[in-house]
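Residues annotated as compositional bias 'Low complexity' in Swiss-Prot: 366-380, 455-467. If you look up Swiss-Prot, you'll see 1-30, 366-406, 447-474 marked as region 'Disordered'. Feature annotation from Swiss-Prot assigns motif 'Nuclear localization signal' to 22-25; the stated evidence is similarity to another entry. Taken from Swiss-Prot, the feature zinc finger applies to 34-56, 62-86, 92-114, 121-143, 150-172, 185-207, 213-236.
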Amino acid sequence: MATVIPGDLSEVRDTQKVPSGKRKRGETKPRKNFPCQLCDKAFNSVEKLKVHSYSHTGERPYKCTQQDCTKAFVSKYKLLRHMATHSPEKTHKCNYCEKMFHRKDHLKNHLHTHNPNKEAFKCEECGKNYNTKLGFKRHLALHAATSGDLTCKVCLQTFESTGVLLEHLKTHAGKSSGGVKEKKHQCEHCDRRFYTRKDVRRHMVVHTGRKDFLCQYCAQRFGRKDHLTRHMKKSHNQELLKVKTEPMDLLDPFTCNVSVPIKDELLPVMSLPSSELTSKPFTNTLQLNLYNTQIQSMQSSASAHQMVATSLPLGMPCPIDMESVHPSHQLSLKYPLSSTSYAVSMPEKEQPLKGEIESYLMELQSGMPSSSQDSQASSSKLGLDPQVGPLDDGSGEVSLSKGSVPISEPLNTPSLDFSQLFNFIPVNGPPYNPSVSVGNLGMSYTQEEAHSSMTQLPPQTQDPQDPSNSIGLGSLHSLSAAFTSSLSTTTTLPRFHQAFQ
């Protein structure tokens, strides 16, 4: 039987075995065998020691290759991390506010703003809080510098003065100390420095003299866009307000393809010739009421003529929609009444003869009788005695309304002839002209519409030997003469007014 000798090799091996499980962290971590000659730091590789040495010498061998970017870095890793900022694509997204970042560490620093239980580094001397450990160390270094300790709390490097220490602290985070931004970008033509490269490019117009921004209102040029914007708000504020309030789609004022309703007061005025607009104002209410009667008759025949295309002297080639004309609307005077004019009162309009004349015109519409017997019968309906004397007798039994005579039914009969009523058109005369002038007001009609128009001609001397005129309408003839004289002249109006009072 074998005996166990103390100090046996197998026993030594068993006692030197490492227990199973995880190794200690200190045993697996390589030793820092490469110390820095300028400070007390040591590194586990030559590459890390070399990168650290750049912090003492200020050398940055890895430069950015982008145009207009002068940044340089101490390591290749930091250069690649910086190159991501030039890319338009931001791959790191915040899950709380959907903000995008180029770098992961920027996103990590941003997430502290959303975390209510975030770790805050608080300074015991002044009470300030910091989200990052690097910012907190930089802040502690500032307190140490003010107290006389010129050692950097980040890299434990000692400096000879406070100014050098402050400049060294800027290199750790790339930010200025104390929250004050540094003007790192200098102009190539002068000694001015700026915060960003964009400010440098904007400043270059001072040296080049280029003014590429033009004001659209006064043609003044500016070298910078913000100067143009300031000029627009200061000098052209009213123009900017008009641009904001005006609609984008403006109608063409010269041509139109749709029917435009015209105001009732302007309709008879626009139908006048341009010479009569200034020479002959409306001085008679009877003339205006004649126009109201014609408008009513034109509207009543709207089944055959929906749109009346008129040639207006005002340069408006738009068709007039007659549906917009109200038949009951009285036309207002453009000029005040003169001394020879008179207004029609409401009691005069309500004379009993108004209904009889209206029924007579309806009888004329149904068919105009050609024989003298029918004419006498129609005149008897009016209640006019053939033996009545002239109007100058002042009998006053028959008073005619000086207002407009409304036509309730459309006058579409082609046989309609007002010569039987007014008796001043020759029997065998030429046919009426399609272009009819009513009261020297010049309303134009087509041949189809001219059958309902009234024609004024100079009064004819009545031939007593003509059997066609001896139909017993002497009083009607005298009435028509006074009626037509009131249309043409204004001097006989007072006499006409006195005769019917």
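Using N, Cα and C of the backbone, Cβ positions are placed for all residues, glycine too.
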With pairs fewer than 6 apart in sequence excluded, do the zinc finger (121-143) and the zinc finger (34-56) have three or more C-beta pairs that lie under 8 Å?
no
For the motif 'Nuclear localization signal' (22-25), mean pLDDT (0 to 100):
52
Helix, strand and coil residues within the zinc finger (213-236) as assigned by DSSP:
11 helix, 4 strand, 9 coil
Sequence-remote contacts (6 or more beyond its ends) of the zinc finger (213-236), Cβ cut-off under 8 Å?
202, 205-206
List the helix, strand and coil residue totals of the zinc finger (34-56) as derived from DSSP.
11 helix, 4 strand, 8 coil
Could you give the number of helix, strand and coil residues in the zinc finger (185-207) as assigned by DSSP?
10 helix, 4 strand, 9 coil
Counting by DSSP, what is the helix, strand and coil composition of the zinc finger (92-114)?
8 helix, 4 strand, 11 coil
